[in-house]
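Colleague: This structure is in structure tokens; I'll ask about it shortly.
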Amino acid sequence: MPFQLFIPLSLLCALLPLHHGAPGPDGTAPDPAHYRERVKAMFYHAYDSYLENAFPFDELRPLTCDGHDTWGSFSLTLIDALDTLLILGNVSEFQRVVEVLQDNVDFDIDVNASVFETNIRVVGGLLSAHLLSKKAGVEVEAGWPCSGPLLRMAEEAARKLLPAFQTPTGMPYGTVNLLHGVNPGETPVTCTAGIGTFIVEFATLSSLTGDPVFEDVARVALTRLWESRSDIGLVGNHIDVLTGKWVAQDAGIGAGVDSYFEYLVKGAILLQDKKLMAMFLEYNKAIRNYTRFDDWYLWVQMYKGTVSMPVFQSLEAYWPGLQSLIGDIDNAMRTFLNYYTVWKQFGGLPEFYNIPQGYTVEKREGYPLRPELIESAMYLYRATGDPTLLELGRDAVESIEKISKVECGFATIKDLRDHKLDNRMESFFLAETVKYLYLLFDPTNFIHNNGSTFDTVITPYGECILGAGGYIFNTEAHPIDPAALHCCQRLKEEQWEVEGLMREFYSLKQNRSRFQKKTVSSGSWEPPAGPGTFFSHENYDKVREKKPAKQKVPLLSCPSQPFTSKLALLGQVFLDSS
């Protein structure tokens with residue numbers, strides 16, 4: 001291996017003085033109050049830089065102090081940061097941003113958008129902010145939380161995604177045009193995570209609006225993935241949503257698969273759904289049997305279980321946090337400590353880390369300020385109180401500030417070996433990384449409520465309890481209050497009653513027509529087959545009528561991080577040629 005210079009975090013911290021409140025030579029634990037204020041300052045340095053230099057674009061380019069659109073054209077950073085503002089206690093800015101979003105965000109645009117990213121960032125961010133609006137002092141309308149401007153925006157954005165689910169398998173395309181639907185010639189190859197990461201947002205949306213179509217399509221996608229697993233119980237990385245055949249057959253817990261497993265657990269908790277939890281527990285057995293080695297998780301061939309890539313990916317660092325949610329604390333801590341050693345080696349987690357060699361993988365040396373290890377630390381600290389987890393939080397604050405902070409925000413670290421920077425600040429830095437850091441150091445935050453306090457809300461459908469805790473974070477760290485899903489159920493029942501009456505009316509009308517020996521004209525309305533089909537008949541037909549121009553698209557469509565470094569395509573592993 002050629003000599004490559006990198007500066008370990010331990011040396012970096014030895015060269016630069018620690019701030020007051022950081023642990024001293026006696027090894028005292030980090031002071032939460034001190035680091036809470038440091039994290040808050042990090043947030044506002046990044047947030048103010050976005051507002052001053054990048055708004056209304058999606059994201060900030062911190063090295064050139066300007067902005068660019070990335071996942072659509074939604075002022076994405078503003079949506080992603082909204083609930084973080086409230087968690088940090090800034091109700092006035094939360095209220096201002098709610099007004100700004102209502103006035104400026106439009107989803108009726110000719111933009112090709114990632115179905116996955118739009119769901120987790122936009123739909124999830126708007127739903128979370130909607131449910132937190134009253135706590136933030138927003139004057140909510142009558143009927144809240146079953147109605148409201150942010151809920152209507154979330155529903156509008158989600159409806160733009162529904163055409164992607166109109167496939168023979170029920171598994172969605174990875175990309176949809178917000179104006180025209182799915183483009184002709186769109187690749188049918190989608191990541192596993194891009195199929196199985198909808199139940200949290202879509203079930204919440206169905207519960208609040210009374211329209212079951214969202215939860216229905218999310219459940220079908222989850223079921224189809226479950227039915228597509230291999231004989232040894234594993235799923236691959238990419239699948240053809242038209243044929244149901246696996247295109248990329250690497251099985252693991254990282255990029256392209258990660259949030260599928262996460263949403264089985266979180267969906268089970270949110271919906272109290274034993275079937276979803278049973279699915280995850282079966283997967284967990286297969287994952288432990290075939291991919292776990294010395295508390296690391298490798299990539300294996302999904303049909304044979306043979307190792308295809310002995311690498312750790314930074315996106316896998318969510319796994320200890322997920323293990324904590326099912327009570328597997330001992331295994332979670334052992335895996336977390338493995339990952340923490342990588343952080344200490346580089347001052348961050350490289351995208352790919354070769355486990356046998358103990359070093360980065362070529363062209364995957366960067367750290368885009370991802371939150372996953374911090375997320376796991378937050379969950380595990382809530383479960384154990386182990387001060388080691390606060391030390392990770394301290395190290396994250398110190399290294400991000402020392403390596404990544406620039407005049408206009410915080411820049412992606414292009415290479416952890418020499419700390420070169422890249423001209424991007426992903427919106428998840430404010431949505432997730434800073435939020436999880438703050439919550440790690442803020443044990444009394446309302447998000448951590450244990451049920452000792454709550455709010456009672458009177459809705460048109462009865463009394464509703466909110467804010468009692470138990471928040472479920474979507475994979476973009478947008479908290480969903482699970483109690484809210486029970487506030488609007490009567491609305492759903494009333495909708496089904498109306499649909500039933502309409503079907504009954506149509507049936508009587510049809511029988512009368514037969515008696516009078518008349519036929520129904522071909523242009524007559526057809527009754528819905530069941531709850532939730534109003535949208536399908538009305539909207540999907542409009543989508544099919546659109547004939548947008550053909551567009552070149554990539555072969556693979558994957559959320560967050562394209563999985564191209566070492567990918568088993570049709571079972572054959574290939575490497576980057578360079």
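Residue numbering: from 1, along the chain as shown.
The backbone N, Cα and C atoms fix where each Cβ goes, and this holds for glycine too.
Straight out of TrEMBL:
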type	residues	note
SIGNAL	1-21	signal peptide
ACT_SITE	E117	active site, proton donor
ACT_SITE	D258	active site
ACT_SITE	E351	active site, proton donor
ACT_SITE	E372	active site
BINDING	T475	Ca(2+) binding site
Colleague: List only the single closest residue to E117 (active site, proton donor), chosen from the recorded positions D258, E351, E372, T475 by CA-CA distance.
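Modeller: Nearest by Cα distance to E117 (active site, proton donor): T475.
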Colleague: Using all protein chains shown, find which of the active-site residues D258, E372 scores highest when you count other CB atoms within 10 A of its CB.
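Modeller: Within the set of active-site residues, the most crowded position is D258.
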Colleague: In angstrom units, rounded to an integer, how far apart are the Cα atoms of T475 (Ca(2+) binding site) and D258 (active site)?
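Modeller: Computed Cα spacing between T475 (Ca(2+) binding site) and D258 (active site) is 10 Å.
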Colleague: Determine, to the nearest whole angstrom, how far the Cα atom of D258 (active site) is from the Cα atom of E372 (active site).
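Modeller: The separation of the Cα atoms works out to 11 Å.
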Colleague: Could you round the CA separation between E372 (active site) and E351 (active site, proton donor) to a whole angstrom and send it over?
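Modeller: On Cα coordinates alone, these residues lie 12 Å apart.
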